[in-house]
Amino acid sequence: MAKQDYYEILGVSKTAEEREIKKAYKRLAMKYHPDRNQGDKEAEAKFKEIKEAYEVLTDSQKRAAYDQYGHAAFEQGGMGGGGFGGGADFSDIFGDVFGDIFGGGRGRQRAARGADLRYNMELTLEEAVRGVTKEIRIPTLEECDVCHGSGAKPGTQPQTCPTCHGSGQVQMRQGFFAVQQTCPHCQGRGTLIKDPCNKCHGHGRVERSKTLSVKIPAGVDTGDRIRLAGEGEVGEHGAPAGDLYVQVQVKQHPIFEREGNNLYCEVPINFAMAALGGEIEVPTLDGRVKLKVPGETQTGKLFRMRGKGVKSVRGGAQGDLLCRVVVETPVGLNEKQKQLLQELQESFGGPTGEHNSPRSKSFFDGVKKFFDDLTR
């Protein structure tokens, strides 16, 4: 019968860290321990499985072998019999094949590329629309200026790894074959630091802050990301640096709202202007422009001003500015103004004057019909 996957036995993912594995083992071991389940053969068998899985997954060499070859790594005298070395060496015949399949290969493992960094940049709407150049200061890892990235104390050199003899790989028995595995002693680098640099302690990198000038193109919006190649953390022992990603966040504007490449704003007008029409000034990002408001304009009407929006960062036509009219009810009226409005209302035929207020007529006709239907 096929053996159960070790990760499934412990209930952890294949990327689980050692502390997660230990925590899962402790919980399951307490549950299935023979002392707590005396005479229960199933619990005893389960406890053995848990212990076996724990022993493999907390041993870095055994876990690496299991991840690549599964249970076969420990069968037919695999790692359990002799570990590294010994046995028939078919690496010249099968080395490239196993290297391609399992990601190992026979060459030395490359030093790790530096990590990518992220910087959150807040922009005003004006900066986002027009583009801007900003200086930023970021904490990062840079090459040690004492050992120049080698990790070794000045005057010394990294030593060849005695386990893999500088290849970064060791042979591991897999059934009838000997296949290549990353050296667990030097982690595939092929060298060891005997006398580490006093400044970087053998890492080849030190923490520093650096200042960069970042050019933000016109038209960016919240969520856009700008990549600065090679401006991330420097890699280990001379490996390439990672990248820096600048994440854009545009601040809320007191007047405009942005949707895609269009801008929206609310323009208040008094009811006399709405009824009679006229000309008003409206704001744009380039200054004030005149807008002609026709008579009988209702609240919510949109006026489109073409080309007054945002030019797309990806090219194409410039967006528009859409002005939404809001008709304001006057406040703080004096007696004369109230009298004039009263006369105006009476000239309409009362509060629900039908001739001059078609929407009011439609509304009250609907209300009347509703109550008429209820009384039938």
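Every residue gets a Cβ built from N, Cα and C, even glycine.
What Swiss-Prot annotates here:
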type    : residues               : note
BINDING : C144, C147, C197, C200 : Zn(2+) 1 binding site
BINDING : C161, C164, C183, C186 : Zn(2+) 2 binding site
DOMAIN  : 5-70                   : domain 'J'
REPEAT  : 144-151                : repeat 'CXXCXGXG motif'
REPEAT  : 161-168                : repeat 'CXXCXGXG motif'
REPEAT  : 183-190                : repeat 'CXXCXGXG motif'
REPEAT  : 197-204                : repeat 'CXXCXGXG motif'
ZN_FING : 131-209                : zinc finger
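Per-residue confidence over the zinc finger (131-209) averages 85 (mean pLDDT, predicted model). Residues 143-147, 149-154, 236-238 of the same chain lie 6+ residues outside the repeat 'CXXCXGXG motif' (197-204) yet bring a C-beta within less than 8 angstroms of a C-beta in it. Highlighted in sequence order, P162, T163, H165, G166, S167, G168, Q169, V170, P184, H185, Q187, G188, R189, G190, T191, L192 have their Cβ within 8 Å of the centre of the Cβ atoms of C161, C164, C183, C186, the residues recorded for Zn(2+) 2, and are not part of that set.
Taking CA atoms as the reference points, C186 (Zn(2+) 2 binding site) and C200 (Zn(2+) 1 binding site) are 18 Å apart.
Taken through DSSP, the zinc finger (131-209) splits into 0 helix, 35 strand, 44 coil. Listed in sequence order, C161, T163, C164, S167, G168, Q169, V170, G190 are the same-chain residues at least 6 apart in sequence whose CB falls under 8 Å from the CB of C183 (Zn(2+) 2 binding site). Listed in sequence order, G151, C197, K199, C200, H203, G204, R205, V206 are the same-chain residues six or more apart from C144 (Zn(2+) 1 binding site) with CB atoms under 8 A from its CB. Taking H, G and I as helix, E and B as strand and the rest as coil, DSSP gives the domain 'J' (5-70) the counts 51 helix, 0 strand, 15 coil. The Cβ centroid of C144, C147, C197, C200 marks the Zn(2+) 1 site; residues of that chain outside this set whose Cβ lies within 8 Å of it are D145, V146, H148, G149, S150, G151, A152, P196, N198, K199, H201, G202, H203, G204, R205, V206, given in sequence order. In sequence order, K153, P154, C197, K199, C200, G204 make up the list of same-chain residues 6 or more apart from C147 (Zn(2+) 1 binding site) whose Cβ falls under 8 Å from its Cβ.
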